[in-house]
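A quick write-up on the structure given underneath.
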Amino acid sequence: MTDCSDQEQGAQAGRRGPAEDASWPFLTLLEELGIEIDPQLLQLALTHRSYAFENGGIPTNERLEFLGDAVLEVGVTEYLYNAYPAFAEGRMAKLRAAVVSTVSLGGVARSLQIGPRVLLGRGEELTGGHDKTHLLADTTEALLGAVTLSAGLAEGVRLVHHLFDPRIDEAVRSGAGTDWKTALQEMCAELRLDSPQYRIEGSGPDHDRRYLARAVVGGRERGGYVGHNKKEAELGAARLAIDELVAEHHIPVPDA
């Protein structure tokens, strides 16, 4: 039977170890933050199950992914709780879901050029695995797990804050995870107004289309938000209409 150390060596066979790649932005970031990562754990974090299967069943990054997922939740939750004391539990939960989503994690992975460093089986490579969003998201969580085991929970959470606090702030500014259309519908019901309707105008070429949406509430058009698609435009128009109604009727902003 092959022991764990032999298996880990197998994962590295024929490859330049990621710990040796000084040009990798992820390692550059760790160096800037003063965080050290164990080279073997780093290699393990990059070992996808497809590569492990083709190399004799060596360990995969899935256990590290499990750990990193928990560390990510802790860091994002801590920041939301401390930075936004006025937010109710429901709103914080929606924002957290948006920030730790597969799409968000994939964006972080691409910014750190994680994809090209992931060890994949031949079949996964041939199908574009190095740029699959779900695979990048899983690897990002595995790397967080590797940092946590290498440097401790506090350092793992510190890395989460560095990577995700700005994304949380942006999510708050953009209303990510917030259903403004439902919130506007409920506000209209409370104010005994007709259900909101939306008027949308498209403009621009097919490859760069823009949509201007206005919400019709209380007999007049409100807002006027330009989005890259109809859904984004309607959500923005709903938020602007809510702001107008809040000012007109002196009511609190709903916890959408």
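A Cβ is built for glycine as well, from the same backbone N, Cα and C atoms used for every other residue.
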TrEMBL annotation, Mg(2+) site containing D138, E141 - matching residue among E62, E65, E73, E78:
E65
E65, E141 as recorded positions, winner by CB count within 10 A:
E141
Does D138 (Mg(2+) binding site) have same-chain partners at least 6 apart in sequence with Cβ under 8 Å from its own Cβ, and which are they?
N61, E62, E65
Restricting to the chain of D69 (active site) and a gap of 6 or more, list residues whose Cβ falls under 8 Å of its Cβ, or answer none.
E141, G145
